[in-house]
Amino acid sequence: MFARGSRRRRSGRAPPEAEDPDRGQPCNSCREQCPGFLLHGWRKICQHCKCPREEHAVHAVPVDLERIMCRLISDFQRHSISDDDSGCASEEYAWVPPGLKPEQVYQFFSCLPEDKVPYVNSPGEKYRIKQLLHQLPPHDSEAQYCTALEEEEKKELRAFSQQRKRENLGRGIVRIFPVTITGAICEECGKQIGGGDIAVFASRAGLGACWHPQCFVCTTCQELLVDLIYFYHVGKVYCGRHHAECLRPRCQACDEIIFSPECTEAEGRHWHMDHFCCFECEASLGGQRYVMRQSRPHCCACYEARHAEYCDGCGEHIGLDQGQMAYEGQHWHASDRCFCCSRCGRALLGRPFLPRRGLIFCSRACSLGSEPTAPGPSRRSWSAGPVTAPLAASTASFSAVKGASETTTKGTSTELAPATGPEEPSRFLRGAPHRHSMPELGLRSVPEPPPESPGQPNLRPDDSAFGRQSTPRVSFRDPLVSEGGPRRTLSAPPAQRRRPRSPPPRAPSRRRHHHHNHHHHHNRHPSRRRHYQCDAGSGSDSESCSSSPSSSSSESSEDDGFFLGERIPLPPHLCRPMPAQDTAMETFNSPSLSLPRDSRAGMPRQARDKNCIVA
């Protein structure tokens, strides 16, 4: 797949050190760590700090870049209908938009951030130079700034550059929006540009297209388009760098556009065939194992020597083929020998742990220095408490544990939990009103926790101490590389969550149920017929039977004679002695209450028409 090409490209022409005006300039990113800018032989970066040229303190626009900019503008004016001149510097600003009066120049720059206004000898001027080098790379237009190109590639580069200038290149025009016009909509933010406001117009985008000055940015990098130079492509404006990448791939090593018929593609990025090499030692990685770090490939030897972590358990390097556990800058081998309690040596893989003073412990007792005790029936286990947090996407959240000795420790867990599972049962039944637990209404009663002896320390942490807002996280990393291909990250299995405990079966109700004729009730109320089924695992009581359709808690959906699933007792004057065969438990064919025919026939009409309401 990765055929090793000629090394001629990497040994191509590089400008002599005496010709580079930026040699020795300090790096704005690395500060004192970089001794000064020294151009790499074929990469467009510094040999010392590996940062690009624009990250160093370039005090003035390079002469070659100014010449290229002038050529770009002249070509654009030749191919466009605009006769606007280029921007020129003033005593106060390093660059100003062309064709504006002094008060309009001030109005334009007042719309930009203060640190991006190009005052002379200011951070804004340095920002402009940096954006010129980054947005308009010279090697995208001129073959002389490329490391080494074949004759056919030079022809393609010239044709590529001319086509971009002819079809896409443009320069924004700044002017005051006419007051007589109601206004327009900014192409970037969608807000209105009123009459009298200053706006940027782009002729390539059409006559009505305009932007706020602070909104005239590149679509890809969202940076201000330097000197209002843009490239219009498929309805969007780009800087020169990202517009070229829309048309051709760019080599991640030499930063040049790839015109060769073959290239190397790995992890969504592109390289010249002979540029896919180690970033440190430049050894070819064609068909070899490699590790991608910050979009730069490294061979295994260089990565382990420069970027591998040390295990806090055994002190050895964590190899590329070994998994590791990481927490707040600490790293361990993902093994029981290294990732274990610092006091008792208990393995902590898949278990909660307490980090304290750079060490990890299995319990608060071990972290305080007391003798560890095995979890028993009388002692709460850490894995059963709320300390356990789900491990999602190879990451487990940490929770804070408040100790009894006024010292705050943190508890975390590496236990795995399912991605989806049943939620903990609520203390109130679904469909029942939210009130205190009342067994006579069919609600679950919450068992009181057993009292703890005063002498025994409370090892169970507070529930409020384990919030999900905790920032520390523990992560598990699988081996980075695999033989014969790019690295593949393996996701950890979903975390395991405790199953909710099923409620204990209720004792059978001692209330007598009256037998009734359900056939007569179904004839009177044909719309209220429901099918009931009994839960075989919860006893034979009528409270354990549930209807297949979901019932509502409102009174309108309750059946006659029932309230919250319970039978309404009859008034004393309606109760009559019943035969012995009628004292059996009523059947589940009808959910509503109905009286026997003989009792209904003997009662007055007023009593039969009344409904019992329980307040």
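Placement of Cβ uses the backbone N, Cα and C atoms for every residue, glycine included.
Keep in mind the model is a prediction, meaning the values are calculated, not measured.
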Legend entry - Feature phosphoserine, as given in Swiss-Prot - residue among S161, S383, S491: S491
Legend entry - Listed residues S405, S445, S475, with the one flagged phosphoserine by Swiss-Prot: S475
Inset, instruction - Select from 123-151, 587-615 the stretch of residues annotated by Swiss-Prot as region 'Disordered'. - result: 587-615
Inset, instruction - Tell me the residue counts in helix, strand and coil for the domain 'LIM zinc-binding 3' (310-373), as DSSP assigns them. - result: 5 helix, 20 strand, 39 coil
Legend entry - Overall pLDDT of the domain 'LIM zinc-binding 2' (250-309), taken as the mean: 92
